[in-house]
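Inspection log for the structure reproduced underneath, given as structure tokens.
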């Protein structure tokens, strides 16, 4: 997702570019942003916290899944790739945080590489969430093992998600460069010549469609039918499974839908499809800062939603601790018995 707040300005008197669109002589207007400094430091602290939490949580998820070589499920393969996507996404946050202080000082090459890495892992994460919803839909609604549920096919699906993510992200790698507007600090920005605003609209609409809207519709469709099936079926602990599924969709919506809506409003304003004013630019700039924080938070919430709630993850983590003598094997055995008697049909245990 094109991060409209990546190119942050310094402590200049005027806000030239806080929504990521360097001003031109035609559309420049001296809009002041009263909360610039406050927003800057709030975002830096948030990036640091998300980076640390995501690094810890997703590393643990990868450790547990890779440690469990026998009995690794289809969902585990998706979760492993999702953890990799979130972890790689989080690794770009320190660089973006540093750019909040003095602008983009890292040059064009790093601008391209870090932007590509950030975009690829954002989109791969969302596409993998959609794949998990399809996997749960097939397992619960159709209760059958289709080709997509075979391990080699799942690996192909994951590779396809990464490949599509690279394709969606290529424009940012090709067109982004270090850019130094007049009377302002340098930014990492897509430079497309005289038609920059028009092409930026295209660069936003295509990823919005294929990297957000379509995966979201797939998730809503699959989880909708999955919940309907669980309501009709007489399955033990089905309410627990429903809580996990609700968390999947609701957390995703809470984290990314607000940012995408505000980003759409910013694009419409910058292309003059809605009226532009200093007040509106300030409002959208503050909204982008706030909603971007929610979106970035999603990368460290995934381990909680998809792993820490699940019985299998907790048992796998305790098994690693027991192997290294950090917990007793008796405690591990008691936990395994409790997990087995309280879990339902793979619906919630995998999640």
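Every residue gets a Cβ built from N, Cα and C, even glycine.
The feature topological domain 'Extracellular' is assigned by Swiss-Prot to 1-46 (among others).
According to Swiss-Prot, the N-linked glycosylation site annotation covers 3 (among others), on the basis of sequence analysis.
The N-linked glycosylation site annotation in Swiss-Prot covers 17 (among others) and is backed by sequence analysis.
Residues or ranges marked as transmembrane segment in Swiss-Prot (evidence: sequence analysis): 47-67 (among others).
Under DSSP, the residues of the topological domain 'Cytoplasmic' (68-76) split into helix, strand and coil as follows: 3 helix, 0 strand, 6 coil. Residues annotated as topological domain 'Cytoplasmic' in Swiss-Prot, with sequence analysis given as evidence: 68-76 (among others).
Beyond its flanks by at least six residues, the transmembrane segment (77-97) meets 3, 6, 43-44, 47-48, 50-51, 54-55, 58-59, 61-62, 65-66, 106, 110, 114, 117-118, 120-122, 124-125, 128-129, 131-132, 135, 151, 154-155, 158, 161-162, 296, 299-300, 302-303, 306-307 of its own chain at Cβ-Cβ distances under 8 Å. According to Swiss-Prot, the transmembrane segment annotation covers 77-97 (among others), on the basis of sequence analysis.
The annotation topological domain 'Extracellular' is assigned in Swiss-Prot to 98-112 (among others).
Residues or ranges marked as disulfide bond in Swiss-Prot (evidence: sequence analysis): 111-188.
Feature annotation from Swiss-Prot assigns transmembrane segment to 113-133 (among others).
Annotation source Swiss-Prot lists topological domain 'Cytoplasmic' at 134-154 (among others), citing sequence analysis.
Residues or ranges marked as transmembrane segment in Swiss-Prot (evidence: sequence analysis): 155-175 (among others). Sequence-remote contacts of a segment are chain residues at least 6 beyond its ends whose Cβ falls under 8 Å from one of its Cβ atoms, and for the transmembrane segment (155-175) they are 2, 77-78, 81, 112-113, 115-116, 119-124, 127-128, 131, 148, 190-192, 199, 203, 206-207, 210-211.
Annotation comment: Swiss-Prot describes 176-204 (among others) as topological domain 'Extracellular'.
Annotated N-linked glycosylation site per Swiss-Prot: 182 (among others), in sequence order. Around the Cβ of residue 182 (N-linked glycosylation site), the number of neighbouring Cβ atoms within 10 Å comes to 9.
Residues or ranges marked as N-linked glycosylation site in Swiss-Prot: 194 (among others).
As annotated by Swiss-Prot, transmembrane segment applies to 205-225 (among others).
The topological domain 'Cytoplasmic' annotation in Swiss-Prot covers 226-243 (among others).
For the disulfide-bonded residues 111, 188, counting C-beta atoms within 10 A of each C-beta gives the highest total at 188. Cα of residue 111 (disulfide bond) to Cα of residue 182 (N-linked glycosylation site): a distance of 19 Å. A coil conformation is recorded for residue 182 (N-linked glycosylation site) in the three-state DSSP classification, outside any helix or strand.
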